[in-house]
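Chemist: TrEMBL feature annotations, pasted as is:
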BINDING   C96, H98, E132, H161, H363  Mn(2+) binding site
DOMAIN    184-280  domain 'Peptidase M20 dimerisation'
Amino acid sequence: MNGIDEVQVWQEEFYKDLHRHPDVWGEEARTAGKVTDKLQEVGVEEILQIGGGVVGVIRNGEGRSVLFRADMDALPVTEATGLEYASTEPGKMHACGHDAHVASALGAAALLAKNRNAWSGTYLALFQPGEETGKGAQAMVDDGLVDKLADVKPDVCLGQHVLTAPQAGHVATRTGPVLSAGDSLKVTVFGQGSHGSMPHLGVDPAVLASAIVMRLQGIVSREIAPGDFGVVTVGSVRIGDSPNVIADRAELLLNVRTYDPAVRDTILGSIDRIVRAECEASGSPKEPTFETIATFPRTVNDPQVTDAVTQAFTQAFGPDRVHELEPATASEDFSRIPDAFGVPYTYWSNGGFLPGQHVVANHNPEFAPAIQPTLRTGTEAAIAATLAYLG
């Protein structure tokens, strides 16, 4: 599309600025402000602030409406890349590529605003806060996203993510489930405090928690069918802070990943059953408590939308740069946006690493995608997918 080389110049600097100044969930004001300023600069006249996020609306005559979403938030990670544009914020880092998502989405908006003769309809560039917590998309929905965009309701929603595969300059798509549902729980079990030398006078929550951790490992291996996917992880166990004191409680942080809603129900039910049974077996003086920390919906790509976008990618990039996306066990809250509108969607992978480059997983302190061709491919992919509906 005309002007992409000019866009690429400021786009790279914008990306580096976001990377130097990462905003975590609840603190995205700077990023949202930079996004708003850039949208205005590139000719987007209608900009809405919704639920901590930003929506740029480009109206261009009659036609369908397409929403393209990019997440903005960083992670509570201390960067170790050694890049000249590394994070200047201690304990905060763009370790999941959201800075690239924002820069690519801005590039696409700029090019669509400039090349209005190449398409017709309405383009919605949505910049979302708080993906990492699973709360950001819902925050925008709760702040009236659907009502505020009622006159330009999208016919389809699109999203992408920078990942370690395929290689930079390539994209990957897939029909059906591509990301799992995720549930994070805090479970508190209760013992009876005592002196460390007198365990017989108390109920030891360390022993109780240990039994729960071990018993939970049997859910996937013995209660879920071998062909079904499920993960149960105990990410944290907290019990007391003194070697000679038997504490009165233990806190366990659990994470569950599933594709099938029935499997999810089975796993969550089994967790509840096991925790309560172990508490009873240990003589716990109080019922355990369960708190949901975060939930992520499944991401299930619509077949028709995915086919249309895949064809557009094949035409834009050539078949050698378009791949089959492997389903991932990670989770996203992107689908809450199209679900709120009641419209179909697709979500694809944009490769971020060149052959021979040091490759680490998303969320790693050394996560450092190649700036190019990652940004250009992300921009071109967003435009190609959009033009499949507005071209």
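Just so it is clear, glycine is given a Cβ too, placed from its N, Cα and C backbone atoms.
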Chemist: Once near-sequence residues are set aside, which residues in the chain of E132 (Mn(2+) binding site), 6 or more away, have Cβ atoms under 8 Å from its Cβ?
Modeler: V24, W25, D73, L75, C96
Chemist: Would you mind splitting the domain 'Peptidase M20 dimerisation' (184-280) into helix, strand and coil residue counts from DSSP?
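Modeler: Output for the domain 'Peptidase M20 dimerisation' (184-280) reads 42 helix, 32 strand, 23 coil.
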Chemist: List, in sequence order, the residues of the same chain other than C96, H98, E132, H161, H363 whose Cβ lies within 8 Å of the centroid of the Cβ atoms of the recorded Mn(2+) site.
Modeler: D71, D73, L75, H94, A95, G97, E131, N362
Chemist: At 10 angstroms around each C-beta, which of the binding-site residues H98, H161, H363 has the fewest other C-beta atoms nearby?
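Modeler: Comparing Cβ neighbour counts within 10 Å for the binding-site residues H98, H161, H363 gives H363.
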Chemist: How would DSSP class H98 (Mn(2+) binding site) in three states?
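Modeler: Its secondary structure by DSSP: helix.
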Chemist: I'd like the number of other C-beta atoms within 10 A of the C-beta of C96 (Mn(2+) binding site), please.
Modeler: 24
